[in-house]
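> Input: one structure, supplied below.
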Amino acid sequence: MTKPTMKVLVTGAAGQICYSLIGMIASGQMLGFDQPIILHLLEVPVAMDALKGVCMEITDSAYPLVKKVVATSDYQEAFTDIDVCIMVGAMPRKDGMERKDLLEKNASIFKGQGEALEKYSKKSVKVLVVGNPANTNCLIAKTYAPSIPAENFSALTRLDHNRAKAQVADRLGVNVSDVHNVTIWGNHSSTQYPDVSHGYVTINGEKKSITEAVNDDAWLKGDFISTVQKRGAAVIAARKLSSATSAAKAIVDHVHDWVLGTPEGEWVSMAIPSDGSYGIPEGVIYSFPVTCKDGVVTIVQGLKIDDFSRNKMEVTDKELREEKQLALN
Ligand code: NAX
């Protein structure tokens, strides 16, 4: 039997992340290879010509799962009855722009799009914010869509999570699929805290904690953390453009696991509204270790937090509260 069609909105659809992302979604990698979809693609009016080209390529790719494509710059058309909302479009930081200005500009975009979610979307819509500053943009969208449950909002830290796994795999000479349960805490920014202290690797069929397998505390508490924190900047320095294909893959991983579930015993990182877990007070969108089942996200509880971790978790929490203040003012 064919599944009911799902409507997926992608904003910033003519941008570089979406150029990688849309094909992955259309092929079934995100929602399943048996899931028919209608794609809603939102852009600003000046980018509509470029978006036309993207649409031609979707047509020419002949994806059997794509039932229809709606390309628009109209919020009502874009947000009506959607099941999944991937917010990639955002105002980029320009030369000479203060962080405060960037936060303000984006706050106005995400206020408008939050209002559109409130007005036109299904109450069950799952929202993923990618456009930076992702956590705070997500908070703004959530604020302006009060009738959509808070647990339907998330921001992307899966790219950081994947980067952390890949760094450990590379260091140990194992496959990324052998690295489990790393955590990204906090903000998708350079204050994020990539934490492997609860993770493990499988080497020759044997489970070992990452800390024991790596056996180099100085690296784990030093270069490893800063490499993951600054990886986005390193990609920009090399490519002269920010991460795109790895961001698209992370978006697909995030939504896939949210909708279809995380494997038994495995957790991933998602930035979600804090519920007070691990002493992070409510009011910010904070990245936690989570599991997903039947579309419900649950924060992994009971992990031991030492002083080193506590300090790093507080630094990134403080930054999120400052961002919130700037954005809301
Ligand atoms: P691009 O500049 O290539 O594309 C952004 C697109 O968004 C443009 O086509 C623009 O016209 C459109 N846009 C702008 N305002 C819009 C609005 N109000 N409604 C709809 N569309 C709008 O950027 P790209 O490289 O695709 O990156 C997009 C965003 O993702 C940036 O904010 C970037 O910083 C952020 N990232 C977030 C990551 C994360 O892990 N959370 C990682 C990758 C990326 O850096």
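Keep in mind that glycine also has a Cβ here, set from the backbone N, Cα and C atoms.
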> Of the candidates ARG93, ARG171, which does TrEMBL annotate as part of the substrate site that also includes ARG99, ASN132, ARG163?
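When TrEMBL describes the substrate site, the candidate it includes is ARG93.
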> From the candidates ASN106, ASN152, give the one listed by TrEMBL for the same NAD(+) site as VAL130, GLY131, ASN132.
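Answer, per TrEMBL (NAD(+) site with VAL130, GLY131, ASN132), from ASN106, ASN152: ASN106.
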> Pick from ARG93, ARG99, HIS188: which of these recorded positions has the biggest number of other Cβ atoms within 10 Å of its Cβ?
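Output for this query is HIS188.
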> Should we count any of the recorded positions ARG93, ARG99, VAL130, ASN132, ARG163, HIS188 as near ligand 1, judged by a CB under 6 A from one of its atoms, and which?
VAL130, ASN132, HIS188
> Apart from ASN106, VAL130, GLY131, ASN132, which residues in this chain have a Cβ no more than 8 Å from the mean position of the Cβ atoms of those residues at the NAD(+) site?
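These residues sit around the NAD(+) site: MET87, VAL88, GLY89, ALA90, VAL129, PRO133, ALA134, ASN137.
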> Nearest to HIS188 (active site, proton acceptor) by Cα distance: which of the binding-site residues ARG93, ARG99, ASN106, ASN132, ARG163 is it?
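Of the binding-site residues ARG93, ARG99, ASN106, ASN132, ARG163, ASN132 has its Cα closest to that of HIS188 (active site, proton acceptor).
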